[in-house]
Amino acid sequence: MRDAVLSALSTVNDPELHRDLVSLGMIEQVQIEAGAVHVKVNLTTPACPLKGQIESDVRAAVLTVPGVQTVNVTFGATVRAAVMALPGVKHVVLVGSGKGGVGKSSVAVNLAAALARDGARVGLLDADVYGPSVAHMMGQGAARVSANAERKMQPIEAHGLRFLSMANLSPAGQALVWRGPMLHSAVQQFIKDAAWGELDYLIVDLPPGTGDVQLSLTQTVQVTGAVIVTTPQAVALIDAARAVDMFRKASVPVLGVIENMSYFVAPDTGITYDLFGRGGSRQLGEYPLLGEIPLEVALREDADAGTPAVLAHPQAPASVALAQAARRLAGQISVRAEHRALADLPGQLTVV
Ligand SMILES: Nc1ncnc2c1ncn2[C@@H]1O[C@H](COP(=O)(O)OP(=O)(O)OP(=O)(O)O)[C@@H](O)[C@H]1O
């Protein structure tokens, strides 16, 4: 019966990778006892957006095998990467925006927290050196970065992830008056001289715009891709298009767009207002729209209170949209990793 079960499983495709689970090496275990079959599927990310579909497809396929009465599906996950971005770090993902104030840091913090909540090992680097806000949003504005025994910067741990921010290097409340090259080398150090440990995803909150820090980062590490955060109105989109162009020129794939402050639902009437013209980000090109995040008081309040909204108010509509965006992003990263692996090693997917 085992062969029949495996052959049934080889008809089930991963919905995003468009290859079957057996040849993708995703079937970790098959146990058969009388008519009861247990299948363990090893997903390419714990934040898999299509877990439910894979489960029902596996169940339906195995139930076609004569003699099978029940099917139990469980999941594990190993994030795959064709190459390591840094020693121990599988994927570096840049979060950028064309202009300031569109909610880039809020999105970066919540994407990181959502991926960590789903079970991924996540780091968050605040490379927004001119206006570092990640530490405050993580409730760690007063924490100070220490060095470990190897004299490497030790990321601060909070809310299930590790992060580093310039705000935790300087005395609280004081501005860092550094010149461009110093900022450049500070960001390089954050990446290379920090004890990030083993990470599936290192999310980088870039400064707004298309300046030196952004470019130097794309030249420092193997970046898996970038996420563009924008608001839907024309003035923001023009700048976002510039950010897209910068990544294109630096050969950094754009993994998707997140439209923030997309709409507002009045809490008293329930009426939806498209304050800035919802859906405008589709004009940026054929990039996956990872999410439309509503304007919501709770998101701002949670940021000010130092807990990412996806953790503090997981049921709030903005949190639901952000958690979904994080899963779609993880899905896009898996697709990239597979394409890259196939390009490098035809027919094989490297698991690191
Ligand atoms: N969807 C939203 N609903 C309500 N408030 C939001 C939303 N997104 C962001 N904000 C609030 O807007 C302000 C700016 O957000 P944030 O600091 O994340 O923007 P940014 O693009 O990173 O800015 P900068 O680039 O200038 O650092 C913050 O007070 C944040 O809490």
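Each Cβ is built from the backbone N, Cα and C atoms, and glycine gets one as well.
Here TrEMBL flags GLY98, LYS99, GLY100, GLY101, VAL102, GLY103, LYS104, SER105 as ATP binding site. If you look up TrEMBL, you'll see 2-73 marked as domain 'MIP18 family-like'.
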Report summary line: Confidence over the domain 'MIP18 family-like' (2-73), expressed as mean pLDDT on the 0 to 100 scale, is 94
Report summary line: SER105 (ATP binding site), DSSP three-state class -> helix
Report summary line: Restricting the binding-site residues GLY98, LYS99, GLY100 to those with Cβ under 6 angstroms from ligand 1 leaves GLY100
Query raised in the report: Relative to the mean position of the Cβ atoms of GLY98, LYS99, GLY100, GLY101, VAL102, GLY103, LYS104, SER105, the recorded ATP site, which additional same-chain residues have Cβ within 8 Å?
Result: SER97, PRO208, VAL229, THR230, THR231, ALA236
Report task. For LYS104 (ATP binding site), list the number of other Cβ atoms lying within 10 Å of its Cβ atom. Result -> 27
Query - Position of peak Cβ density within 10 Å, selected from the binding-site residues GLY100, GLY101, GLY103 - result: GLY103
Query raised in the report: To which of the binding-site residues GLY98, LYS99 does the lowest count of other Cβ atoms within 10 Å belong?
Result: LYS99
Query - Cβ neighbour count (within 10 Å, all chains shown) around SER105 (ATP binding site) - result: 27
Report summary line: One finds that other Cβ atoms within 10 Å of the Cβ of VAL102 (ATP binding site) number exactly 24
